[in-house]
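For reference, the structure discussed in these notes is given below.
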Amino acid sequence: MIETRELKQEVASREGTLAILKGIDLAIHKGESVAIVGVSGSGKSTLLGMLAGLDRPSGGSVWLGGREITALDEEQRALLRGELVGFVFQNFQLLPSLTALENVMLPLEVKSVDRPQERAMEWLRRVGLDGRETHYPMQLSGGEQQRVAVARAFASEAPILFADEPTGNLDTRTGEKIADLLFELNQERQTTLVLVTHDTKLASRCQRQLEMEDGQLTEVPPAKTAHSTAEQVRV
Amino acid sequence: MNLSLKLLWRDWRGGELNILIAALLVAVTTVTSIGLFADRIRNSIEDEAGTLLAADAQIRARNRETVSDELRQQAEDFGLRTADMVTFQAMAFGADNAMQLSSLKAVSNAYPLKGEVKIADEPFGEARAVTEAPAPGEAWVTSRLFPSLGIEVGDTIAVGEAEFRVGAALISEPDNAGSFFGVGPRVLINTADVDKTGAVQVGSRVGYRLLLAGDVEAFRPEVEDLMGSRHRWVDVRDANENITSALDRAESFLLLAGSLGVMLAGVALALASRRYASRQLSHVALLKTLGLTPRRISRLYAGNLVLLGILVVAAGLLLGWFLHWAFLELAGDLLPRELEAPGWEPVWIGLLTGLVCLMAFAFPPVWVLRETPPSKVLRSELEGGTLSQGVMLGLGAVAVIGLVWLYSGDVWLTGALLGGGLVTILGVSVMAAVLIWVIRRYGSRLGTTWRLGLANLQRHSRQNAFQIMVFAIALMLLFILTLLRSSLISEWQQQLPEGAPNHFAFNIFEDERRGFEAFLDENNVDREPFYPMIRGRLVEVDGEAMSERLERLNPDGDDFRRELNLTWSDQLAEDNAIVEGQWWESGDDERTLVSVEERFARELAIEIGDTLAFTIGGQDVEAEVKSIRSVQWDSMAPNFYIIFSRPILDGAGASYLTSFYLAEDQKPLLSQLLRQYPTVTLIEVDAIINQIQDIVGQVTLAVEFILGLVLVAGFIVLLASVQATLDVRLVESAILRTLGARAGLVRGGLWIEFAALGALAGFLGAIGAEAALAYFQTEMLELAWTPHWLLWLGGPVLGGVVIGAIGVVSTRRVIRVPPMAVLRTV
């Protein structure tokens with residue numbers, strides 16, 4: 001589903017060229033859940049951006065759903081994203097001028113899906129926010145905002161879901177609830193989930209864990225993961 | 001509803017579009033209503049001024065010939081209204097063989113084409129207005145002729161061989177301006193009776209005129225050839241110099257104000273669009289992650305702008321029309337009831353302004369949104385998708401130049417504004433940075449609130465320098481307009497102050513002079529000095545005969561071979577000024593010297609030292625030109641083309657002339673005066689003074705109205721500029737308040753920051769305004785320039801208070817919104 005070959009990202013700085021990604025080879029299969037962990041600044045989010053086609057690498061290639069997105073221009077990449085990809089962000093990224101319902105409707109409207117309002121309402125219900133559909137992001141708590149974001153991500157029915165620190169801005173309890181929701185829906189929809197986090201507990205709920213360190217990605221052996229069974233994911 | 005419309009609707013509902021809409025609305029409204037209003041007021045002022053000619057234009061035949069029938073026919077074919085006028089001198093006879101040389105004016109039935117004739121049932125009686133000529137066989141006679149001819153309304157007078165029934169006392173004619181002197185008391189008759197009088201024969205002094213009303217501007221080029229040198233075209237502007245200068249200045253002012261209005265609105269729109277676009281950046285990034293392609297992003301936002309543009313421009317056009325209409329309603333008493341309808345041009349210009357502003361100011365920052373990297377959703381610090389200030393300024397400058405040029409049609413004005421603008425932008429940027437540094441350096445010893453406010457100023461110094469530039473330009477434009485308006489209006493009012501002389505008396509003989517003077521003084525009448533006057537002709541300039549000189553220099557100009565009124569004086573009158581040469585001194589006794597009026601000297605190419613030869617009372621008199629003078633013809637004081645340094649022919653045959661002011665309740669004095677001095681000629685000019693004052697009143701009103709509109713545009717600029725920094729301030733204030741700062745401290749800091757910005761901008765604006773005023777006042781409006789000391793003090797104070805207040809009021813959210821709510825959205 002997702003594949004990279006010799007993926008490199010370098011930026012020019014005053015001290016010379018800084019390599020953020022140093023030739024990463026990666027393959028993620030359909031329906032897999034993968035956590036990318038690592039310390040702050042290790043390049044996790046950069047990698048996520050590359051995998052999702054939000055950014056172009058300095059070298060190497062990225063394949064998404066069987067197509068090489070590094071060979072596409074922004075126009076084509078955007079179309080591919082609309083087709084394949086959903087996102088959940090650390091800072092939610094809800095549009096402040098839209099209500100909760102309208103935020104969920106947005107990807108449906110972008111894809112010109114039928115009856116976007118009904119579908120969006122259904123998804124808000126699924127994340128436990130019925131009755132809050134006319135509220136604006138400012139009127140919602142952090143947890144509620146992230147629920148809206150999750151609803152938005154799944155509403156587009158994309159086969160791949162990227163989540164960048166989805167619980168990073170939330171307290172532990174709320175974070176856990178969001179994680180539960182995320183994995184539950186992921187399981188139900190059989191989406192491929194790529195999750196960036198430095199929360200080992202959250203990472204351990206994924207089938208695979210990859211650690212980012214000094215621009216290199218290494219697979220964390222299953223032995224090191226505390227709770228890696230699919231049963232425990234479904235709490 | 002498609003996505004584009006939904007987003008537009010949601011942005012509007014969320015208040016994202018408020019300033020953008022306001023700026024575009026103000027741009028279109030200002031330009032449209034200024035255009036409509038100026039168009040209407042100009043039409044109606046010209047219309048009003050047209051009453052001074054009793055027509056929109058006159059074609060005057062030269063050399064005592066009649067106006068060609070072909071011209072009349074062409075005018076009628078062109079759809080103009082026409083009337084005929086014949087003027088000549090003839091003796092009028094009343095009761096008991098009393099007689100008086102009178103100035104006859106015969107008019108056809110359509111007279112007057114503009115304005116009204118005022119008549120009364122008894123001399124000096126209550127006037128009523130009519131818009132028709134006397135019927136054949138009837139004469140309307142000037143009030144002052146009644147005592148000298150010993151007649152009453154209903155009696156008969158004889159003019160030449162014809163007899164007329166006196167139908168009414170003539171109080172005023174619309175077109176009695178022009179040359180007051182040498183005009184005998186007026187008798188108005190119908191053109192049908194001219195031949196009957198037998199007074200018009202070969203060699204008689206007679207003038208024929210064709211009066212025209214309608215679209216005379218368009219007609220004139222059609223008949224230019226046909227008129228040839230036999231006819232002279234006279235329109236409102238030729239006919240009355242004082243009104244011409246007021247009109248020209250008012251037009252220049254309106255043009256300038258309109259252009260500045262366009263500039264201000266453009267700046268406001270640019271700022272608002274930039275803010276709108278920068279707030280859309282994260283939206284665009286998100287939309288891109290949701291699969292929206294750059295092309296669709298562009299289509300989406302461009303579509304939104306076009307739709308918004310159409311709606312707002314339409315609303316602006318309507319609002320502009322409504323505003324100008326509402327103003328005309330409110331100012332109903334001051335304006336003539338029947339205003340000329342405005343043309344379509346202002347609407348087109350409004351429409352075009354809206355579209356150009358949209359394309360040049362609003363479109364570019366929105367267009368580049370497509371460049372926003374989608375990875376901005378992961379790293380908000382990423383740049384891209386915004387337009388650089390340089391590109392924005394460049395595009396804006398091109399648009400502003402285009403619009404001002406379109407609006408004014410004046411390359412020089414456009415160039416002056418462009419040059420001024422560039423110098424201001426450069427100068428202000430440098431000075432703003434320096435001033436911010438100085439204030440920060442020395443102002444920080446003043447306590448926490450001050451330190452906070454001034455630190456803010458320094459922290460955003462680049463952004464603030466830009467903001468000061470915007471404020472300074474807005475304030476500069478407002479200062480310029482406000483001060484120009486004041487100097488224009490006071491100039492106009494000085495021209496014809498209350499109590500300006502409204503009566504002329506001439507043909508006062510030496511033995512009557514003291515008595516006449518005493519009569520006026522006893523009755524507390526304000527009067528000008530008595531000037532001696534003698535009539536004579538200028539026959540040679542430096543040995544060249546006048547007829548040859550006129551033919552050589554200016555065959556189509558004024559015929560200065562006519563009799564001139566000459567005077568002599570030791571002293572230069574207050575409203576005269578020497579422009580070349582010198583006024584005479586005591587040592588100049590040896591020769592006869594003259595001072596010549598500027599325009600007269602120019603048309604006849606008379607220079608200092610030339611010898612002028614006159615025929616006066618059958619005798620030849622020679623004099624040397626000692627000086628050339630400018631004369632304020634509209635002061636209503638007696639003025640002359642030629643002034644001699646000593647009594648002409650030792651004063652023999654001279655009469656005296658003066659002017660004085662009579663209030664309405666002093667009018668009965670006129671009858672007494674005329675009975676006591678029956679040979680003195682009196683001319684009432686109240687009517688023309690009132691007309692001029694009305695016109696000046698209207699022009700003043702127009703100027704005030706337009707200033708008001710431009711002030712609104714300026715206010716929107718300030719608001720847009722402050723709003724542009726609101727997001728940053730919200731975050732900063734949230735952080736400060738999180739750290740425990742009281743609301744008072746934050747508010748105080750904002751006050752100081754904005755007031756300091758405003759004061760700096762006010763100071764820089766004052767410098768710019770003073771420089772620009774020097775140009776506009778002297779070059780464009782031909783007024784004298786004086787430094788505006790108050791501006792230097794008032795500019796910074798006003799800037800500080802106004803911008804401080806706008807800043808604090810429009811950022812009040814900074815204090816009201818809970819810090820958490822702000823920080824959560826970051």
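Quick reminder: no glycine exception, Cβ is built from N, Cα and C everywhere.
Per TrEMBL, the features are:
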| type | residues | note |
| --- | --- | --- |
| TRANSMEM | B:20-38 | transmembrane segment |
| DOMAIN | B:258-374 | domain 'ABC3 transporter permease C-terminal' |
| TRANSMEM | B:305-327 | transmembrane segment |
| TRANSMEM | B:347-369 | transmembrane segment |
| TRANSMEM | B:390-407 | transmembrane segment |
| TRANSMEM | B:413-439 | transmembrane segment |
| TRANSMEM | B:465-484 | transmembrane segment |
| TRANSMEM | B:705-728 | transmembrane segment |
| DOMAIN | B:705-819 | domain 'ABC3 transporter permease C-terminal' |
| TRANSMEM | B:749-769 | transmembrane segment |
| TRANSMEM | B:789-810 | transmembrane segment |
Residue counts (helix, strand, coil, in that order) that DSSP gives for the domain 'ABC3 transporter permease C-terminal' (B:258-374): 100 helix, 0 strand, 17 coil
Among the ranges B:305-327, B:347-369, B:390-407, B:749-769, B:789-810, the one whose Cβ pairs under 8 Å to the transmembrane segment (B:465-484) are most numerous: B:749-769
Residues of the parent chain within Cβ reach of the transmembrane segment (B:789-810), under 8 Å, 6 or more residues beyond its termini: 471, 475, 479, 483, 715, 718-719, 722-723, 726, 747, 750-751, 753-763, 765-766, 769-770
Number of helical, extended and coil residues in the domain 'ABC3 transporter permease C-terminal' (B:705-819), per DSSP: 97 helix, 0 strand, 18 coil
